[in-house]
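Each remark here refers to the structure printed beneath this line.
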Amino acid sequence: MGRLIDGHWKTTDELTESDQNRRADGFRNRVSPDSRHPPEPGRYHLYIARACPWAHGAALVRKLLGLEDAISMDIVDPHRGAGGWRFAPDNPGSTPDSLHGSDFLHEVYTAADPEYTGGVTTPVLWDREAGTIVNNESIEIMEMLVTAFADHSDEYDLYPAGKRDRIDAVVEKLHEPILKGVYTAGFAQSQDTYERAVDAMFDALDYWEDVLDDQRFLVGDSLTIADLRLFPALVRFDPVYYTHFKCNTRRLVDYPNLWGYTRDIYQHDGVSETVNLDHIKKHYYRSHTDINPTGFVPVGPDIDFTASHNRK
């Protein structure tokens, strides 16, 4: 995967060892009333990839809180080639860059910082007024959308003040073995690394299967950003991670509670609109040519996320 070095895009083949070891700059500012990025409807713009699980969480928050009119959004093409994420509005489900007219997402990064060094990832939250990227860290974007624009939704309190420590602890517990773990397994450079990642992942899935035997969601009986962090990984599990990343000890559908939980969230109003399995499968199977050299995209599996979940 390529990256920006001092504002210049370098493909994977062009990156030197020194380039790879350069510390990423990143964008870690926040939307808040007392910052240079106050919460004003119409001021912010979100860049996402429908294929990306990290961006999916931000898209879920935007949808569930009804922020479509307050925060505009563009969607990159699912295929990430030598130039990184690109805008391909002629392809179904993708959009142009409506703010800058960029061909590639890395051009949005250099519009914010012409000397930027680091990866070019989604999601990206852009401030029209300040003319820069506010943040490109997925969980921070999710949290700030919830807290800064809380008055936009009476239906969901996705990050309630009294549960934030618990939510943060769950998010942390999910990260290493599951959210990151699928990539550790998929891109492992040794059999031992792969097996350790897979073992840790299924230990974690077994744990959450037991938790969900006693409660509807990860932090009690109400939906929170912890659930919106896990859901993108689960919805990708059988179509991609099970085969493409060889995380094949068990399928998601082999876990009664996790599978029902996934359908439960999918059937919340608006959630299904954030799931694009065509983008998801095309991204992984066509972009990762070192794992899938033919670029063939599997036809299946047939998964019915709309089946009754019987969870209360």
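Cβ from N, Cα, C; glycine included.
Taken from TrEMBL, the feature active site, nucleophile applies to Cys52. According to its DSSP assignment, Cys52 (active site, nucleophile) is coil.
Under a cutoff of 8 A between CB atoms, and with a sequence separation of 6+ in the same chain, the neighbours of Tyr183 (active site, proton donor/acceptor) are Phe245. Taken from TrEMBL, the feature active site, proton donor/acceptor applies to Tyr183.
Residues annotated as glutathione binding site in TrEMBL: Trp85, Glu137, Ser138. Glu137 (glutathione binding site) is surrounded by 17 other CB atoms, counting those within 10 A of its CB over all protein chains shown. Following the DSSP three-state reduction, the secondary structure of Glu137 (glutathione binding site) is coil.
Sequence annotations record features per position, and here TrEMBL assigns domain 'GST C-terminal' to 157-284. Secondary structure of the domain 'GST C-terminal' (157-284) per DSSP (helix as H, G, I; strand as E, B; remaining residues coil): 89 helix, 2 strand, 37 coil.
Each residue of the region 'Disordered' (13-40) gets a DSSP state, and the totals for helix, strand and coil are 7 helix, 1 strand, 20 coil. Feature annotation from TrEMBL assigns region 'Disordered' to 13-40.
Annotation source TrEMBL lists site 'Lowers pKa of active site Cys' at Tyr241 (among others). Residue environment of Tyr241 (site 'Lowers pKa of active site Cys') contains 25 other Cβ atoms, counted within 10 Å of its Cβ in all protein chains.
For Tyr284 (site 'Lowers pKa of active site Cys'), the Cβ neighbour count at a 10 Å cut-off comes to 24, with all displayed protein chains included. Look at TrEMBL and you will find Tyr284 (among others) tagged as site 'Lowers pKa of active site Cys'.
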Cα separation, Glu137 (glutathione binding site) to Tyr284 (site 'Lowers pKa of active site Cys') (Å, whole number): 21
For Trp85 (glutathione binding site), the number of other Cβ atoms found within 10 Å of its own Cβ: 27
Tyr241 (site 'Lowers pKa of active site Cys') versus recorded positions Cys52, Trp85, Glu137, Ser138 - nearest by Cα: Cys52
Alpha-carbon distance [Cys52 (active site, nucleophile); Trp85 (glutathione binding site)] in Å: 11
Same-chain residues at least 6 apart in sequence whose Cβ lies under 8 Å from Cys52 (active site, nucleophile): Thr121, Thr122, Pro123, His283
Mean of pLDDT values spanning the domain 'GST C-terminal' (157-284): 98
